[in-house]
Amino acid sequence: MSRTTGSGARSTSVGALCVLTASVLWGTTGTVATFAPAVGPLAIGAAAMGLGGILQAVVAAPRIKGQARELCARTGTVLLGAAAVGVYPLGFYSSMHLAGVAAGTVISIGTAPLASALIERVVDRRRLTRRWMFGAAIGLLGTVLLCVAEATRSRDGADPTSTAATMLGVVLGLLAAVTYAVYSWAAHRLISNGIASRAAMGSIFGLGGLLLLPVLLVTGAPLVDSWSNAGVGAYMAIVPMFAGYLLFGRGLAHVPASTATTLSLLEPAVAAVLAVLVVGERLPAFGWIGIALVGGCLAVLITPARSGRRIGVRARRAGPPHTAAPSAPVAVDPANEVTPT
C-alpha cells in the first residue's frame, strides 16, 4: 500500500509540473498578442485555439482511431468539451482586449477554479477538501489584487477604455472561466474512463478547432498582412495552445480538473510579470503582493500530502503483505484527498 501511495504522490507531482509548465506558456499569450495590434481578439483566439486544436487532433489521430469506440460511447462529453473549446478563446481574448491584458487574464483564469470545483461537486459529488479551499482562497485573493492593480494602473495612465467596455470584458472573462472549467472537466472525465490523454484532448480540441474555423475565415485576414502578424498567429497556435494543452492533458491524467485549474492561477502571475517586463506596463505594489499570494497558493497545493504516509504506516502495522486483499492503486492529489485511479 505504501508503494502505491508513494507512486500516486509522484504521479501527482508529475501532473502538477505539467500543468504549471503549460500555465507558463499560456501566460505569454497576452503579451505576444500585443505585437499584432492590427489583429482583432476574435482572430487571435480563433487562430490560436482553432489551429492549435486541429494540430492536436492530427498528432493524436492514431490514438483517436484506436479508441474511436470508447469516444463514440461518450459522445456527449466530447461534444460538450468541444463546444466549450469553441467559446473559450473568443471570450478570453475579447476580455483581455476590453478589460486589459492583466485584468482579462486574471478574471478568466482566476475564477475558473471556483467554476471547476462547482462542476465537480454537483456532477461528480467530489468532496472539496480544506486544503484545496485554503489554497484556492489564497490564489483568488492574489488574482483579485492583480485585478485591482490593473484597474489602478489604467486609471492613473488615463486609459481610454470606457466603463461599459470594461464591464463587458469582465462578463466575457467570466464566460471564459466557465468554459475553461467545462472543457477541463470533460477531458478529465474522458481520461478517468480509460481514454488516453492525447486521444481525449485531440478529440475535444480537434472538434473545437473546427468550430473556430469559420470565425478565423471571417476575421483572420490581418494575420496575413505582415510577417509579424503571421508569426504571432503561428506562435499562438504552436507553443501555448498545441504544446501547452498537450502538457495540460498529461496533467489531467494525474490530477482532478479543480486542482489543475487552480494550479493554472500561475498564468495570470506570469502574464502580469511579462506585461511589466515586455509591454512596459506598471504594476503597483499590491499587484506584486498578489503575485506572491498566487505563489503561496501553488505551494499549498503542490506540497506532498502527509495522509499518504500515514496510510502507508497503517498498512505496515496491519499485517504482512500476503494477508491483504488486492486493491486498486491510489493517488494522493495536491488537495490532500486520496482518490482511486
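The backbone N, Cα and C atoms fix where each Cβ goes, glycine too.
For the transmembrane segment (12-36), same-chain residues at least 6 beyond its ends with a Cβ under 8 Å from one of its own Cβ atoms are 44, 48, 93, 96, 101-102, 104-105, 222-223, 228-229, 232-233, 235-236, 239-240, 243-245, 247-248, 250-255, 259-260, 263-271, 274-275, 278-279, 298, 301-302, 304, 331-334. The transmembrane segment annotation in TrEMBL covers 12-36 (among others).
When DSSP labels each residue, the domain 'EamA' (15-146) comes out as 112 helix, 0 strand, 20 coil, counted as helix, strand and coil in that order. What TrEMBL lists as domain 'EamA' is 15-146 (among others).
For 42-59 (among others), the entry in TrEMBL reads transmembrane segment.
For 71-90 (among others), the entry in TrEMBL reads transmembrane segment. Long-range Cβ contacts of the transmembrane segment (71-90) within its own chain (Cβ-Cβ under 8 Å, at least 6 residues beyond either end) map to 41-42, 44-46, 48-50, 53, 64, 175-176, 179-180, 182-183, 186-187, 189-190, 193, 195, 199, 203-209, 211-212, 215.
The transmembrane segment feature in TrEMBL is assigned to 96-119 (among others).
What TrEMBL records for 131-152 (among others) is transmembrane segment. Proximity of distant same-chain residues to the transmembrane segment (131-152), defined by a Cβ-Cβ separation under 8 Å and at least 6 residues beyond the stretch ends, is recorded for 99-103, 106-107, 109-111, 113-114, 117, 258-259, 262, 265, 268-269, 272, 283-284, 286-287, 289-298, 300-301, 305, 334-337.
For 164-183 (among others), the entry in TrEMBL reads transmembrane segment.
Residues or ranges marked as domain 'EamA' by TrEMBL: 168-300 (among others).
Residues 36, 38-40, 42-43, 45-47, 49-58, 60, 64, 78-79, 81-86, 89-90, 183, 186-187, 190, 230, 232-233, 245 of the same chain, all 6+ positions outside the transmembrane segment (204-224), place their C-beta atoms under 8 angstroms from a C-beta of that stretch. What TrEMBL lists as transmembrane segment is 204-224 (among others).
Counting only same-chain residues 6+ beyond the ends of the transmembrane segment (230-248), those with a CB under 8 A from a CB of the stretch are 18-19, 21-22, 25-26, 28-29, 32-33, 35-36, 39, 43-44, 47-53, 55-56, 59, 184, 198, 201, 205, 220, 223-224, 260, 264. As annotated by TrEMBL, transmembrane segment applies to 230-248 (among others).
Per TrEMBL, the feature transmembrane segment maps to 260-279 (among others).
Annotation comment: TrEMBL describes 285-305 (among others) as transmembrane segment.
Per TrEMBL, the feature region 'Disordered' maps to 317-341.
The compositional bias 'Low complexity' annotation in TrEMBL covers 324-335.
Counted with DSSP, the domain 'EamA' (168-300) comes out as 115 helix, 0 strand, 18 coil.
Looking at 42-59, 164-183, 260-279, 285-305, the range that has the most CB pairs within less than 8 A of the transmembrane segment (96-119) turns out to be 164-183. Here the transmembrane segment (260-279) has long-range neighbours at 15-16, 19-20, 22-24, 26-31, 34, 101-102, 105-106, 109-110, 112-113, 115-116, 132, 135-136, 139, 142-143, 146, 149-150, 180-181, 184, 188, 248, 251-252, 287, 290-291, 294-295, 297-298, 301-302, 334, meaning same-chain residues at least 6 beyond its ends whose C-beta is under 8 angstroms from one of its own.
Taken together, the residues in the domain 'EamA' (168-300) have a mean pLDDT of 88 on the 0 to 100 scale.
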